[in-house]
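Student: So TrEMBL has the following annotated:
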type	residues	note
DOMAIN	B:207-265	domain 'CBS'
TRANSMEM	B:290-309	transmembrane segment
TRANSMEM	B:315-342	transmembrane segment
TRANSMEM	B:363-384	transmembrane segment
TRANSMEM	B:390-416	transmembrane segment
TRANSMEM	B:428-452	transmembrane segment
2 protein chains.
Amino acid sequence: MTEPAEQPRTPDHLETITQALNSGMFVHVRRMLQQMRPGDVAWLLESSPSPSRKVLWQLIDPDDYGEILEELSEEVRDGIIRLMDPEKLAIALEDMESDDLAYVLRDLPEQLFTQVLDQMDEQDRQRAEQALSYPEDTAGSLMNTEFISLRPDVTIDVVLRYLRRHSELPEGTDTLYVVDQHNRLLGDMPLASLVVQAPTATVAEVMDTSVEAIPLTMTDTEVANLFERHDWLSAPVVDDNNQLLGRITIDDVVDIIREEGEHSMMGMAKMDDDEDTFAPVLTSARRRSIWLTVNLGTALVAASVSNMFEATLSQLATLAILMTIVPSMGGIAGNQTLALVIRGMAVGHIGDSNARWLLTKEALVGLINGMVWALAIAVVVSLWKGSWEIGLVIAAAMFINLSVAGIAGATIPLVMKRLNIDPALAGSMALTTITDTVGLLSFLGLATLILLH
Amino acid sequence: MTEPAEQPRTPDHLETITQALNSGMFVHVRRMLQQMRPGDVAWLLESSPSPSRKVLWQLIDPDDYGEILEELSEEVRDGIIRLMDPEKLAIALEDMESDDLAYVLRDLPEQLFTQVLDQMDEQDRQRAEQALSYPEDTAGSLMNTEFISLRPDVTIDVVLRYLRRHSELPEGTDTLYVVDQHNRLLGDMPLASLVVQAPTATVAEVMDTSVEAIPLTMTDTEVANLFERHDWLSAPVVDDNNQLLGRITIDDVVDIIREEGEHSMMGMAKMDDDEDTFAPVLTSARRRSIWLTVNLGTALVAASVSNMFEATLSQLATLAILMTIVPSMGGIAGNQTLALVIRGMAVGHIGDSNARWLLTKEALVGLINGMVWALAIAVVVSLWKGSWEIGLVIAAAMFINLSVAGIAGATIPLVMKRLNIDPALAGSMALTTITDTVGLLSFLGLATLILLH
């Protein structure tokens with residue numbers, strides 16, 4: 001009996017391989033890569049600066065290409081696919097599950113797409129075309145069509161004998177599905193249940209008929225929320241007639257949850273979530289310029305608001321010194337509400353029935369925040385600048401801006417969702433424009449009215 | 001043969017129950033709640049405004065309390081636990097898996113904690129104390145100790161007969177573990193493999209000895225990354241002597257991935273990730289005040305920077321109008337880099353071997369951004385204000401600030417991680433303070449030097 005092999009922890013892998021690569025020990029690297037799992041190789045590629053990636057890819061056994069491509073993030077995969085010729089790519093893709101196949105094909109440039117499809121054998125091409133026929137980001141595009149289905153009238157013993165005719169079950173199989181002669185889903189039979197049943201029982205007697213099937217057209221976000229809420233490992237996908245078409249497995253759902261998390265987080269920071277950490281410098285600089293352009297626009301909007309008060313500012317330089325405080329606080333308070341609402345929408349907590357309650361609540365939080373911070377800033381500024389009038393002006397502006405920030409932070413994502421705009425990316429930019437404008441207008445406006453009349 | 005029951009989609013549930021609740025149809029609500037799965041009831045509680053939650057909780061069958069508490073998010077659960085007496089809570093907790101039990105107990109106020117532990121029967125108390133003995137956020141605290149282990153010398157037929165003596169397997173069982181007489185892990189046997197093996201084969205012949213076991217002390221982030229990278233459904237947890245102590249299942253890993261995503265996203269927006277969307281107004285306002293206080297501090301730092309240039313500002317009000325542009329662009333560019341690095345660290349892509357490469361790359365992106373946006377702002381401002389000297393000053397400040405932003409955005413999270421500070425929360429505040437200060441100092445400083453002598 002052998003002890004399980006002592007596996008080096010993967011961060012060590014990264015060190016060792018990077019060193020070997022830098023010393024030109026390519027044969028050694030090739031051997032190490034062969035011993036690694038596809039997921040680890042994918043992780044290594046993602047963790048490597050873009051120049052090392054090309055070298056690594058050439059050292060990988062082409063038989064492993066398919067499994068590794070499946071595991072790579074979109075941006076890194078695209079870079080690597082550009083290094084491959086269509087013929088090799090077609091061979092690599094043939095090993096993939098149908099959902100991953102469609103996922104990769106969908107992203108290919110049109111010319112390469114046609115070339116790759118031409119290189120595939122008939123059966124794989126049909127499988128690919130079938131998978132591509134479902135809209136992206138729906139249950140259809142997430143499902144794979146490799147699964148085992150049973151008829152209800154056979155006994156458990158027969159099922160076990162049938163399974164033993166397979167050398168292995170389709171990847172990620174945890175449940176068998178029970179269908180009638182028209183392939184309509186009747187129930188399911190988790191393996192964990194199968195193995196405790198008496199061999200003489202029939203499938204119909206012991207199957208679980210309460211199985212909840214996923215409609216083809218459900219969005220991937222809803223699918224992920226259902227998996228999470230019910231702790232599923234897999235779920236069957238059916239069409240309108242309850243016919244079983246495929247199954248979705250938890251590994252794909254984990255990817256969705258990870259991507260959604262990254263999308264919202266990177267979105268709050270004005271970044272594409274698929275930006276590759278180790279992309280070349282020029283690619284990175286170019287990708288980030290979109291949001292810097294938008295921000296320059298909003299910064300100029302804010303500047304043109306203060307421009308309206310040039311006369312006031314030239315009379316009282318103290319206002320210039322203080323004028324950034326109110327917009328800054330409004331931006332933070334508004335973004336807090338915005339993030340809360342975006343998260344609530346992502347996990348499906350916010351619907352028509354509670355949106356109004358939430359809006360009222362956030363407006364009240366804004367009012368309370370407004371009162372608290374108006375008082376705080378009034379005290380600080382009155383003491384610092386020795387003028388209770390300036391303290392009063394900044395307090396009033398703070399109250400107005402934080403109240404507006406609460407309402408805007410809750411309203412913007414709800415409205416954007418209705419207009420099918422992604423609030424994670426555009427939301428905080430819109431919000432900041434509002435809080436900057438309202439903050440400057442109210443502070444400089446009130447100052448002009450009260451201090452300079 | 002019955003068709004699977006037509007299940008109403010859950011968002012409809014929310015509407016229907018909210019209406020029934022508002023109309024006082026409590027008997028009806030109680031019946032609906034009984035028919036729902038624990039995960040759905042938890043979701044309903046999380047989606048309900050705080051006053052409705054209390055009513056809903058009283059309508060739920062106490063037998064279901066345990067399963068529902070397990071599924072609730074921390075913040076919502078804490079609120080509900082405060083409504084329960086210790087005795088009922090102890091009964092509810094007895095049904096939980098050991099990892100969830102520890103998770104709930106850890107959060108209880110000390111007095112309640114002791115009361116609940118006293119109410120538990122001996123066996124559950126021991127189970128709880130064992131689970132609590134592992135540090136939070138490690139593999140030990142994530143694992144549950146209910147699993148099935150086999151000896152290597154028995155045949156598959158014997159295994160199946162042994163399994164049939166169970167009425168059901170422990171929740172989430174997808175793999176059986178093979179151990180020697182000292183309970184040391186020898187290999188594993190996924191159910192999907194078990195069911196295709198010949199009944200006469202021995203476990204030793206067909207088990208998978210390449211199983212990668214998780215050490216007790218591994219952090220939950222590393223555990224989540226391993227699950228994601230290898231598409232695992234569960235993994236065994238061992239101590240230093242390779243003795244099998246428990247297993248971690250994918251449902252807990254999904255929760256970690258979701259929480260990490262929310263944590264970074266909410267962190268970027270200066271929010272606690274466990275803030276309950278439907279918390280009472282005062283609770284929300286209080287929780288958000290911490291970051292508003294910090295932000296007031298940083299805003300006052302920025303104001304005191306411009307305060308140093310009061311003389312300059314009073315001579316040239318145009319500077320006041322333009323002075324917010326450079327800090328704003330620096331904040332966005334720096335936050336882009338910050339988000340990229342935080343994400344890279346979270347998924348384990350960034351280590352000692354590539355941190356320097358990344359820092360260099362982000363510094364170069366900052367330099368390029370700096371040149372591009374310096375040129376852009378120079379043109380805009382020269383045309384707007386009709387002064388190429390002001391254009392030159394703002395261009396130079398922009399170049400300096402964006403270069404600093406790139407370096408700061410990459411350095412801050414790397415340094416904070418080394419100091420064990422969470423960069424998702426504190427990082428962008430530190431960054432903004434730097435980009436505000438450098439932006440104002442360079443713009444107003446250069447303006448004083450170049451425009452006013």
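Including glycine, each Cβ sits where the backbone N, Cα and C put it.
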Student: Output the single range from B:315-342, B:363-384, B:390-416, B:428-452 maximising the number of Cβ pairs under 8 Å to the transmembrane segment (B:290-309).
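Tutor: Between the candidates B:315-342, B:363-384, B:390-416, B:428-452, the best contact partner of the transmembrane segment (B:290-309) is B:428-452.
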Student: Counting Cβ pairs under 8 Å to the transmembrane segment (B:315-342), which of B:363-384, B:390-416, B:428-452 comes out on top?
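Tutor: Between the candidates B:363-384, B:390-416, B:428-452, the best contact partner of the transmembrane segment (B:315-342) is B:390-416.
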Student: Give the residue counts of the domain 'CBS' (B:207-265) per reduced DSSP state, in the order helix, strand, coil.
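Tutor: Residue counts for the domain 'CBS' (B:207-265) by secondary structure: 27 helix, 16 strand, 16 coil.
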Student: Quick one: mean pLDDT on the domain 'CBS' (B:207-265)?
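Tutor: Mean pLDDT for the domain 'CBS' (B:207-265): 92.
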